[in-house]
Structure formats: structure tokens, C-alpha cells
Amino acid sequence: MASVTRRALSRGCCRRLAVVLALAVVAAAADDEGSGPNWHVVSVAALLPDAVCTPKRAAASNSSALSVVHRHGPCSPLQARGGEPSHAEILDRDQDRVDSIHRLAAARPSSTADDPSSASKGVSLPARRGVPLGTANYIVSVGLGTPKRDLLVVFDTGSDLSWVQCKPCDGCYQQHDPLFDPSQSTTYSAVPCGAQECRRLDSGSCSSGKCRYEVVYGDMSQTDGNLARDTLTLGPSSSSSSSDQLQEFVFGCGDDDTGLFGKADGLFGLGRDRVSLASQAAAKYGAGFSYCLPSSSTAEGYLSLGSAAPPNARFTAMVTRSDTPSFYYLNLVGIKVAGRTVRVSPAVFRTPGTVIDSGTVITRLPSRAYAALRSSFAGLMRRYSYKRAPALSILDTCYDFTGRNKVQIPSVALLFDGGATLNLGFGEVLYVANKSQACLAFASNGDDTSIAILGNMQQKTFAVVYDVANQKIGFGAKGCS
């Protein structure tokens, strides 16, 4: 009897194994045909942005979340036709930023930032895509002063000092809102020259007892002004609750500002230095922040202070480097295309390191890694005889989908140390200028020694969690929904 039972069990196991193997063969065949789970099958119309706003409240870790929309999209309060940069201009400026990051990595002296661990509930801000502002960054609305003035500012994980344009101004560019007037705020004060905040500036000076700051960005945009303190109000623009306020917030009151800031009222830094918004807010909200960048100009995202993470977030270690201490590093270890690992040694990624940056648009990879990715992606795309299109600035692998209703695009996944994976949607794989020019949204650094950069194209729709307290970075799929 026992022998019969064992034979029956054996036959049952064999049948189940055969079913599993058959399913695996079917899945592999589907992938080979471009229709399996490792391919994106999308309509060409879906690759292009909608013309109508379809607002949907972005998910965030708390009730005070603010919406994020594309600056020039139909949902944007700043919508204005004309004057926006072309795709080539956006990508050329993106290269300026990348060049700046690479220069900083080679020359920046070492410093560290405080990581407070005590916190109250987090707070969230609305982030909007800022391409038409003359930047490739995202923007949020904050309240400054007492009574508060709502201002629209770029937020940037690669910068530390926050600043807005102020009255009186000797050389301010035209911005969206009236200039911030310190004389109208009862809580404003200038930072004196002897204050610690002034001594910590990379580039500062003293004038009439007031601390002066100067910041020059990679594209040679520049801001100069007085270092100041005032009350910063976070959360929805209708809120002025003291629970969402930072007293004595240190920022720059710019009075001589030039460059590619477009019509933004200023810039807020989320870097790792003590003067950044993230560091100043850490004692109140927790050492960290998260955001979800919207998928398109018709969608919304959020920026949330505090390190709360969605349940589906998967983490990788946050790496600290002395050459660029303000940046957030992580270890990229591999890439998959259509479910298959691209043949690149992990040492190719490990040697230069990888920084995650909200201000860089296109992800930059070491030359060997990019060449392997491009070869694998282009090889799979050749199955469908897609017409090649001319290169678009830094993007050299482009396709013309004119006349097609539907396209098959191989999936791309970025693999990080510790098991975190970014499974990219088609909107994070292709940079689409128009139907006749859709390009692989990655670029080469031109060498294997410059820092790799995870750009915002590949971060879209994910909840990206910067858990500074526990020194880790997480990614949660469908973070804006």
C-alpha cells in the first residue's frame, strides 16, 4: 500500500513539474515573440502627452500632501504657451548639469550632514514638472514669511541652499509671482556675519554686518543675496497650521539672480548638507523625505518630508562619499532588458559609483554598461523593423513610429544592491519627442570612470524614499496612484 502511495505521489510531482516547465516554455516563447510579461505593448498615442487635464490626487504618506503637475501641462497653474525650451535644448542643458556633477565629484572637499532621528509626523508638498521654466526639474509650492506668501520653487536633491528672489532686487529675472518682500514679514531676520550658518557657506561674504551668499550652478546660472531666517509653511497652500511650519528656516534672499531659472520664484535644496530643507526639517519630521514624480504633464505627484515608506517599497543602501557629500549615492549592480540580464560586470558600475538626482533628466551610465544596454535593446527592437530616427542631442538610439498604431518595446529593469529593482514602464524607457522620434532614455558618460546618475525619467511614477535616518533609499511601484 505504501509503495502504491509513493508511486502515485511521484506521478503527481512529475505532472506538476511538467506543467511548470510547460508554462516556462510558453512564457519564454512569448518573450521571444515580444508579447510576454517582459515587453510593453502600447499604442503610439499613449506615448504622447494628453492635451486634457485629468487630475488625480497623488498618494502620499500623510494628509497634508500637495499635488505635483507638469509646469507647462494642462493641469499647471503656470500654464503659458510659447517660450518653452525645445527637446534638444532640454537635453543640452541636462548635459550641462551632468558635467557639473562630474566636476564636483573630482574637486569637492569632504563634509558631512547631521542626521537627527527624532521626528513628528511627515509633511508633503506638491511637485510640478518644471521643463517650461527653463529647467528640467520639478517644482513645489511653499509658504514663506508671516503672513505667509505662497511661492513656486524648483526642488533639487543635488543642491543644498534654498533661496527665493527678494525685494529690493538689483538684478532679478522675471518670475511667476511678485517678489518676496522681507519688510512685509514680521518673522524675517537677516543672518549676521558671525553666525554658524554664515561660516558654513561654501562661498560667502559680509556686507554691512549681513551674511552674503553666492551659488553658481553647472549651467552658469547664479544667485547672490542675503542669508536670512523666516517661517516656512509646508503643506497645502490653504494651510497655515503651526504643525506644518518650520520656524527660523535659513534660506537665501536673492537680489542678483541670472540664468535658466525660467519663471520659478526660487529653488529649494534637498541635499545632505546642514543648510538644506531636508536637513533643517529633520528634527521635526524625521531624517528623510520621499517623492513621486508624475508620469506625464497631465498627472500629479508629491514631495513629502519624513521617511515614511509605502508597504511595497524595496530598499538599497544609501552610500556616503567624501568627494560629493551632498549627493545621495546608491549601488547600481545590473540591468535587465526583456527579463534577461545584460552582460556587464558589476565592477563596471561599482568603480565610478551611482548618484540619484531629481534634477538630471536622462540616466547616465558608464560607457561599457550603456553600450551593452543599447546593443541588447536595439537588437530586440530590430525584430519589428522599426525605422531608425536621427539622434536627439545626447540620445543616440531613436525610432520613427510614424504610421504605426501599436508598438512592442522590451522592458528595462535597473538592479540595485540588496535586491531593490526599478521595473521601468514604457514611459521611463523611451524619451518621446514626437511620433517620428522616440529615443532610448539613457545616455553614455563617454567613459567608465565618471559617476553614473539615476535621472528623473527613470524615477517617474515610483515612490522614491530617502530614509536618511537608516541610510537607505527605497522604491515603491505605482507611487503616485
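The backbone N, Cα and C atoms fix where each Cβ goes, and this holds for glycine too.
These features come from TrEMBL:
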- Asp156: active site (ACT_SITE)
- Asp357: active site (ACT_SITE)
- 106-120: compositional bias 'Low complexity' (COMPBIAS)
- 138-476: domain 'Peptidase A1' (DOMAIN)
- 106-126: region 'Disordered' (REGION)
- 1-29: signal peptide (SIGNAL)
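Mean pLDDT for the domain 'Peptidase A1' (138-476) in this predicted model: 92. Take the CB of Asp156 (active site) and look out to 10 A: across all protein chains shown you find 24 other CB atoms. Asp156 (active site) sits 8 Å from Asp357 (active site), taking the CA atoms of both as reference points. If you take the C-beta of Asp357 (active site) and look for same-chain residues 6 or more apart in sequence within under 8 angstroms, you find Ile101, Thr157, Gly158, Phe327, Tyr328, Ile453, Leu454, Gly455, Asn456.
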